[in-house]
Amino acid sequence: MRLLAAAARQPNTPHPLLAALRRLLSTATSSSYDPTAQFLHPDHRRVLSLPASLRHDALLALARLLKISPQCHLALHAVSGGSPSSTPLAARFAAASRLAASASALRPFAAILLAALLPAASADLLSWSSSSSSGCARARYGALRLALHAFLAAGMAAEALHVLARVRRSGNTPSLSALAALLRLLFRGGEVRAAWNVFEEMAARGPRPSLAIFNAMLLGFCHRGMLRLASGLLGVMENKFGVVPDACSYNILIKGHCVFGWSGDAFKLFEEMRTSGREPTVVTYNILVNVLCHEGRMAEARRLFDEMEQVGIKANTITFNVLIDGYAKTGRMDEASTAYKEMKVRGLVPDSCTFNILAAGAYKFGHNAAQLLVHDCGMSGSHISAAEGLDVLVCRLCWDGRLDDAWELLHGAIEQGVPVSVAGFNALIATYSKEGLHEAAFQLYRIMNKLGLAPSTHTFNYLLMGLCHQGRLDEAQLVLEHMVSKGYCLSTSFTIYLDASFREGDAVRALKCWDDMEKIGLQPDFIAFSAYVNGLCRLDYVNEAYQAFFEMTTRGLVPNNITYNSIISAFCRAGNMAEALKLQKQMRQSGLVPDVYTSNILIDGLCREGNLNMVDSLLLDMCSNGLIPDTVTYNTIINAYCRAKDMNGAMNFMNKMFAAGCEPDIFTYNIWMHSLCSNHMLNQAGKVLDELAARGCAPNSVTYNTLMDGICSDVLDRAMILTGRLIKMAFQPNTITLNVFLSHFCKQGFGKRALMWAEKLREDSFVFDDATRNIIDWAQREMENDTQASNEDIDRCLFLEFLMFMTYETMHNSRSSKATHVPTDKGFDPAGSNMMTILDTG
């Protein structure tokens, strides 16, 4: 069975999830199966489906009529059977109309049957529904009503508006259900003005807007970011129309404010909801707990979570998923695991989202939470559906890096007719994007569209992240524009694009993105502001970053340690230590505890200024606050003492580092070696090299280049001995190494030899950088001194020639041994991946 191809490859016992999924597929229920779909054309079965709430009544009515009415047999056959040539469209429309007239429960079913003929038969349906002059007024209205619902089911808003106008002209009143569906369709397509016109016409000509209509309007306005209009509509519902807002009305508005960055106003609505006598629901709490987690306010999120139980509202799986996700994203995996266990104690069943959250956190922060959930899923697979089981396994394979297995599993499920969901596709799209497999990710997006699965905001965000990581910002912008035009939730999407623009050093693009957020009514949330401040700091726009930081706090968004660290670091790099220290004090006053990173940033800034006395004071303050200096702390201080030529001070901190149990890394040794070599203490540098080898710390290119520079400047005999050690340690040279040698040729008056080696390197296509080209210019100026060298100089020249030869051979062999590996994505065709073509298919 292709569905289990991933398991078949494993030589060991199949993974528990594979076994669980096999059980799921063998015992999959038909709860998601729509029996009415058998009457549709095969191309439309996945796109059109009768709502589950209407299937039961429709099937009962159809079964009853098939028993007692031969005309029902004929009508059903005329609509769904035969070819268009054998059964004219007009006859199909009339047959569907007879089915709809035979029982009210069959009206949605008849509309779905006609929708399956669209859009090819659009003009014919419009003509049929309005041109028939025969029959009573009731029959004519029935035809118009059927056409209206068919166009709505097919998602054809323009045609539905056309039929609605004919219904109005005929003197009839459309149904509230049709108008609610039309409003949702118009808002989804971004046609806000047309939706408002429909609403105004209802208010003037009927039917009087119901609670469902108002909620559809609220949802549409919030979805498009028109929060003021939505708030105004909530205010007139009861006063002007006598429609009392329910919990759903408030939930829509609260969610809208949270999505667009107005969490403070969302909590004001929450209080207004309670004082007006509308009891919050579990959905209300889920929205608010989620926004607190999203902003990193986990203590407040937990308090609100606990409040639910106090007011008698039971948390559901979604509530726990939101809380677990908040803990996981902040790296608090122990608390995430505790919340997961609490979820099981309450009798709630984890779903595929629970697994995805814990797996992501576990793989990122190194925790066994994912293994716990995998075991639970394997033991209790009967509690989850086939689609959820598939999602869990696809996600697991993705996190294990088994992308081919994940794709084969998903592809096999599609071929076997097993229900698939957006979650499984999103997991694989996210992994492809992370691995830089852009074409494969967009091919999956196209497959989703062909299957009739509507991409979620997460789908596009994963595609955006993949493009941004590759620096393909123009294509990322097209994806973002597509999301704006389709009315997707954009807060995270803009933040991804904003952060990528800053990382690429494109300040103009980043600032335009920030302005565009304001233009479309998207209020930056805590994460967006943090990315904006951090990006400005990264590009050293210190004043602009501080202004954005101030605006962030005035909007009630509380900066966290990362935001403070970014702005403090920018001031330190700009040499404004007074402002940096002031911000550290402000950080403490706001209730945040400066962490090791904060201290390291400040210590580095003070070291740059040479203020070593204050560094000692800050280090003591750091330890008194319970912070343990790490390797970066000691490296920064040791490097500062070395630059100040205070070798005793550097050695003192080296000893403190060892005494504190903090292991030096390669950067520590490189700092120390550079200082020794700069002071012509090559014997001591050789001892440090021996210590490196004894501790099992692998030297890097900086280590070798530092020593090579020292060797070339030292006494010839000692240099020869140290060179032998480096060759034994499998010295790996790079362009900097070659620059070291070429510069030493020039320093010692052998410009001609430097030019000879440069020419040889150029012929072998070695990469030169700006430093290499400057050295070559220097060598040309030094050529005239080549003939005046003494014997000692000639000996040194031969020694440099020997080192250069050894370096050249090592680099040449390394380059020729490299093989180019081009990964291929089985089952994916990268052709036709034009961005607009891809997005238009959605």
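The chain as shown is numbered from 1 upward.
Cβ atoms are placed via backbone N, Cα and C, with glycine included.
What TrEMBL lists as repeat 'PPR' is 175-209 (among others). The DSSP breakdown of the repeat 'PPR' (175-209), given as helix, strand and coil counts, is 27 helix, 0 strand, 8 coil.
Confidence in the repeat 'PPR' (246-280), given as mean pLDDT, stands at 89. TrEMBL lists 246-280 (among others) with the feature repeat 'PPR'.
TrEMBL lists 281-315 (among others) with the feature repeat 'PPR'. Below 8 angstroms of C-beta separation, residues 247-248, 250-251, 254-255, 258, 263, 266-267, 270, 273, 322-323, 325-327, 329-330, 332, 346, 348, 525-527, 557-558, 560 of the same chain, each at least six residues beyond the ends of the repeat 'PPR' (281-315), sit close to that stretch.
Secondary structure of the repeat 'PPR' (316-350) per DSSP, as helix, strand and coil residue counts: 26 helix, 0 strand, 9 coil. Among the features that TrEMBL reports, repeat 'PPR' is placed at 316-350 (among others).
The repeat 'PPR' annotation in TrEMBL covers 421-455 (among others). For the repeat 'PPR' (421-455), the number of residues in each DSSP class (helix H, G, I; strand E, B; coil) is 26 helix, 0 strand, 9 coil.
Residues or ranges marked as repeat 'PPR' by TrEMBL: 456-490 (among others). Beyond the repeat 'PPR' (456-490), the same-chain residues lying 6 or more positions past its ends with a Cβ under 8 Å from any Cβ of the stretch are 187-190, 223-224, 259, 422, 425-426, 429-430, 432-434, 436-438, 441-442, 445, 448, 496-497, 499-501, 503-504, 506, 509, 517, 520, 522, 835-836, 839, 842.
If one looks beyond the repeat 'PPR' (525-559) by at least 6 residues along the same chain, the residues whose Cβ comes under 8 Å of a Cβ in the stretch are 261, 263-264, 294-297, 491-492, 494-495, 498-499, 501-503, 505, 507, 510, 514, 517, 566-567, 569-571, 573-574, 576, 590, 592. What TrEMBL records for 525-559 (among others) is repeat 'PPR'.
Residues or ranges marked as repeat 'PPR' by TrEMBL: 560-594 (among others).
Note on the repeat 'PPR' (595-629): residues 561, 564-565, 568-569, 571-573, 575, 577, 580-581, 584, 587, 636-637, 639-641, 644, 646, 649, 660, 662 of its chain, located 6 or more positions outside it, place their CB under 8 angstroms from a CB of the stretch. Per TrEMBL, the feature repeat 'PPR' maps to 595-629 (among others).
Under 8 Å from some Cβ of the repeat 'PPR' (630-664) lie the Cβ atoms of residues 596, 599-600, 603-604, 607, 610, 612, 615, 619, 622, 671-672, 674-675, 679, 697, all in the same chain and six or more residues away from its ends. What TrEMBL records for 630-664 (among others) is repeat 'PPR'.
As annotated by TrEMBL, repeat 'PPR' applies to 665-699 (among others).
Secondary structure by DSSP for the repeat 'PPR' (246-280): 26 helix, 0 strand, 9 coil.
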